[in-house]
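Feature annotations, courtesy of TrEMBL:
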type	residues	note
TRANSMEM	20-42	transmembrane segment
DOMAIN	88-514	domain 'Major facilitator superfamily (MFS) profile'
TRANSMEM	172-189	transmembrane segment
TRANSMEM	195-217	transmembrane segment
TRANSMEM	229-252	transmembrane segment
TRANSMEM	258-277	transmembrane segment
TRANSMEM	343-360	transmembrane segment
TRANSMEM	372-394	transmembrane segment
TRANSMEM	401-421	transmembrane segment
TRANSMEM	461-480	transmembrane segment
TRANSMEM	492-509	transmembrane segment
Amino acid sequence: MEDYDGEIAFLGNWGRFQQIVFFLLCASAVPNGFNALSIVFLGDSPPHRCLIPETANITEEWRQASIPTQVVNGETEYSRCTRYRLDLISNFSAQGLSPSKDVNLSEVPLEGCSNGWTYSKETYQSTIVTEFDLVCDNEWKQPFTTSIYFFGVLSGSFFSGQLSDRFGRKPILFITMAIQTLFTFSQVFSPSWEVFSVLFFIVGLGQISNYVAAFVLGTEILTGPPRVIYGSLGVCGFFAFGYMMLPLFAYFCRDWRMLLIVMSLPSVVYIPLWWFIPESPRWLLSQGRVEEAEAILRDAAKKNRVTAPEVIFAETEGEKEQFKREEFHGFLELLKTSNIRHITLIFCLVWFTLNVGYFGLSLNTSKLHGDPYLNCFISAATEIPAYTASWLALQYLPRRLCSIVKMLIGGAILFLIQLVPSDLPSLAISLEMIGKFCLASASALIYPYTGELYPTIMRNTAVGTCSTASRVGAAIAPYFVHLGTYNKNLPYILLGSLTIISAVSVLFLPESFGLPLPETIEQMPKRERIKWPCLSSKQKNPQKEGKTHSVKILEETWM
């Protein structure tokens, strides 16, 4: 419909119907919060060293000296992947020689950990690293496990968006919620790293799919200020709440299998939501299913205790033909015209950058100085004020300006971290959290900004495609962090540069502030060329001209 928001204005913005949809869809994001970054604790690597078998016939003195030491970051610690040859150590012990007096240990040959490893249990009872020995020669599997999960997220982002645009938001939401829950629980029974990784891929596929479907469903059902709150503070805030629950679960469940059980059980309570969350009337209208859309809105009118008009949508013959013509728009439609193509490519770059930074800083929390549970909780807690700031910005400020400012500040802070002296770890952590605040805030803003620029007939496909690009960034984020082993400043330099470049690209996006959601491709806001005041006297007041341009677009589109 040309004026959907006007046609359903009789419902109001914040009745019982909108309240039910708002809070139930927000609640569906909580499991995503503690599943998205569970690998921080599931895949952390505790201190370890080569195992000396109990059957080895050596004295306690030689047992303590059997592992060589090395200096790492100015501190002396035991080698994690080598030991002195056990057969020689046994001979020295049998001869009654002393490792500190009679034998020069620097001349004793080394060997690998052929008998396995012993792991510190000071922080964790077990992780997948200790379970499947993902250390030393198999250490590459640690970041790769995280990447496998995000490749699943990437696949889910791409396919679920198109499936949701074709079959509806609600079915995809609940199907993918079930996939996430069932396969998270199935991981408990993983007999090997390979099986765990395959299941983890499927968990990632379901995790992002239901998050995107819930976001789009709420964006299309809600109108006015509640829609802005939902897209920024609502669904993102509940995600952050779930993220804050993760270190709490992990603290009391130090065994990785028990942690998976605790994370999968809460999702069972979401099964009854099927009977309370409706399908998107906007999507039904885009498919020509007017009667179903009206039935949902009449039920909403009853819940809000208002009277619905006798005919809510007056369908014309032209609109019927339009519904048939625009029944489904796949991925290639996002590249069809110059306007859509430029918007899509810029959004893909921005989403990619924000996710590299967000997940790079989030995954690094277990490696920061101090307690990993506390660091993770602080990292999660910073997202609440970040999403609050995004909500306030969405209420009163242009989307383009807010995105640029937040990304520029975040990129500058990432550059500053490399200047912090090594003897001030608290300052470095504080700057990381401020950078996380900026990136999380920009991420929360970019979701509704994207949804506001694309029409209903391809909104879920567009958000899913942009989310796919973002998950490519998430998949390589573990390796971005791993670059710090070669040069501790390199990740911050790369992330800072990429963030600033993306901030500049946002200048070329159209503004959506104050405009209604477009229903068709023709109603999409057009890109504006950057106009410099010095080029023309008519451009002395860009702010006023921008407002006039927005009004002109609105008049041409809706009149």
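Backbone N, Cα and C atoms are what each Cβ position is placed from, and that goes for glycine too.
Long-range contacts of the transmembrane segment (195-217) within its own chain (CB-CB distance under 8 A, at least 6 residues past either end) are made by residues 25, 28-29, 32, 35-36, 128, 132, 145, 148-157, 159-161, 164, 169-170, 172-174, 176-181, 183-184, 186-187, 231, 235, 239, 277, 280, 447, 451, 459-460, 463-464, 467, 471.
A contact links the transmembrane segment (492-509) to the transmembrane segment (343-360), because at least 3 Cβ pairs that are 6 or more residues apart lie under 8 A. With Cβ pairs under 8 Å as the measure, the transmembrane segment (229-252) is packed most heavily against 20-42, out of 20-42, 343-360, 401-421. Sequence-distant neighbours of the transmembrane segment (401-421) (same chain, 6+ residues past either end, Cβ-Cβ under 8 Å): 350, 353-354, 357, 390, 393-394, 427-428, 431-432, 434-435, 438-439, 441-442, 445-446, 449, 488-489, 492-493, 495-500, 502-504, 506-507.
With a threshold of 8 Å between CB atoms, the same-chain residues lying at least 6 positions outside the transmembrane segment (172-189) that come near it are 28, 31-32, 35, 156, 160, 163-164, 196, 199-200, 202-203, 205-207, 209-210, 213-214, 217, 257, 260-261, 263-264, 267-268, 270, 273-274, 277. On the 0 to 100 pLDDT scale, the domain 'Major facilitator superfamily (MFS) profile' (88-514) averages 83 in the predicted structure.
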